[in-house]
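Structure, as structure tokens:
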């Protein structure tokens, strides 16, 4: 946890031909109903909504392919859409939409961060979200072929990490596999490797390196500590029971346990289980599955485990009961947490497969699992990783952080646990009354921007992911609670509708490279889907983003 530029930069933790000819049947596309948000870098659409295209007897994905090819000049996209856009996900939702997610490729190679989503209802394409990288077919840099191997790329990344980050060779954890991609930065396109370096010592990190596959140049690097990947979980075979214990703040709560000689913090009632471990002040994870002799967890040493276990369950319940989502991956992944990590450690994070909580040093933090919004914030990073996949850098990273703050707060209200619009207030600076890490109602209170004109444009904090999240946090607060901000009045619509709108935006409209403007369009479209285009909900979303200067 660090203070920089008088701002709290706190990380909790989070780019040939058709095999079969496509026949363009008669269609109607009402151009006058199209609403377009433009990507300023490429001058191409990043969000289009309206009655875009209807072709009788055509599959939803074929509608997308036809629309993109029909508008090739608008997208500056002259490749075969069916060959280039790889369908990764397709499902029907409870509003009657068919939702699809596509990965852009170039000659079969995925383009880093280039994902688009599409919606079809009653045979009509209604929305296309995400930026297609234009003119890749003209890039001579993509025609030479790779010259480096995966191992050579990883060696380059590891050498730089030791020299400039860790100063010693870390003990690497299992990370994501190295991936061969097309990487685009401005007008430059490169064949590249994405190398993931995940480690716990000397300080936890989950670095992503983009290495040029031709000359070995480091094209980009950033720490994405909150990215999630399920890990293997060994469960105890026993009898489900209910224990009782006291949390970090002294409150008593019942917790689900499993009995097999001892009582273990293993909750079998939710998905594939919730497991809480004791790291015993070490940095080896996960540690030992927490065991107790009498199912009574009242010792002070027990308190962080009680809260980590209980609040993971509350967060699971929120996503299931409110959004019909089963765990962070939507498929009931087991949730693992380790407490008593290291000594005096002032942080909490996902290491890529589980939650990790430090005990704090007693001055900056007390045990971080004592904050329900902290727990839900971190688990929401995992939800984001399995849906929008927001890249943890610049505006997409700030959206990533804001989404975690928003749902961390909504879970706190769901649990009715002294809820407020502050982040981390229960565990931060115990000696300072009323202090918190960030404020959603008043980001400027802690030096964070509350308007796009005040955004941070430097390189610290991965391009301001924790700083600029304040802009989106303020918009979310206004959508829920209403108010007047910079002369713009917003009618509040309440927390429940805020949650529904942002959950739909996150899971169906946002893409890895989404910026604030695309988020606005995604939120407006989500409100339109849920409540209708002329509703107060849509008006309030527009008002809130106007109030924080996001167009």
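Any Cβ shown, glycine's included, is placed from N, Cα and C.
Swiss-Prot lists 378 with the feature active site, giving sequence analysis as the kind of evidence.
Residues annotated as active site, proton donor in Swiss-Prot, with sequence analysis given as evidence: 466.
What Swiss-Prot records for 292, 294, 296 is Ca(2+) 1 binding site. Counting only same-chain residues six or more apart in sequence, the Cβ atoms lying under 8 angstroms from the Cβ of residue 294 (Ca(2+) 1 binding site) belong to 263.
Counting only residues at least six positions away in the same chain, the Cβ atoms of 405, 408, 409, 411, 412, 423, 424, 425, 426 sit under 8 Å from the Cβ of residue 373 (Ca(2+) 2 binding site). Residue 373 (Ca(2+) 2 binding site) falls within a helix when secondary structure is assigned with DSSP. Taken from Swiss-Prot, the feature Ca(2+) 2 binding site covers 373, 412, 420, 422, 425.
Its Cβ taken as reference, residue 381 (Zn(2+) binding site) is surrounded by 29 other Cβ atoms within 10 Å in the chains shown. DSSP assigns residue 381 (Zn(2+) binding site) to a helical segment in the three-state reduction. Marked as Zn(2+) binding site by Swiss-Prot: 377, 381, 401.
Taking the Cβ of residue 425 (Ca(2+) 2 binding site) as centre and 10 Å as the limit, one finds 21 other Cβ atoms among all the protein chains shown. Residues or ranges marked as Ca(2+) 3 binding site in Swiss-Prot (evidence: similarity to another entry): 412, 418, 420, 425.
Residues or ranges marked as Ca(2+) 4 binding site by Swiss-Prot: 429, 432, 435. Secondary structure from DSSP puts residue 429 (Ca(2+) 4 binding site) in coil. For residue 429 (Ca(2+) 4 binding site), applying a Cβ distance below 8 Å and a minimum sequence separation of six or more within one chain yields 363, 364, 365, 435.
The feature signal peptide is assigned by Swiss-Prot to 1-31, with sequence analysis given as support.
Annotated pair residue 381 (Zn(2+) binding site) and residue 418 (Ca(2+) 3 binding site), C-alpha to C-alpha distance, rounded: 23 Å. When secondary structure is read from DSSP and collapsed to three states, residue 401 (Zn(2+) binding site) falls in the helix class. Ranked by Cα separation from residue 420 (Ca(2+) 2 binding site), the recorded positions 292, 377, 378, 432, 466 are led by 377. Ranking the recorded positions 378, 435 by C-beta neighbours within 10 Å puts 378 at the top.
Counting every protein chain shown, the Cβ of residue 377 (Zn(2+) binding site) has 29 other Cβ atoms within 10 Å.
The closest partner of residue 378 (active site) among the binding-site residues, by CA position, is 401; the full candidate set was 296, 401, 418.
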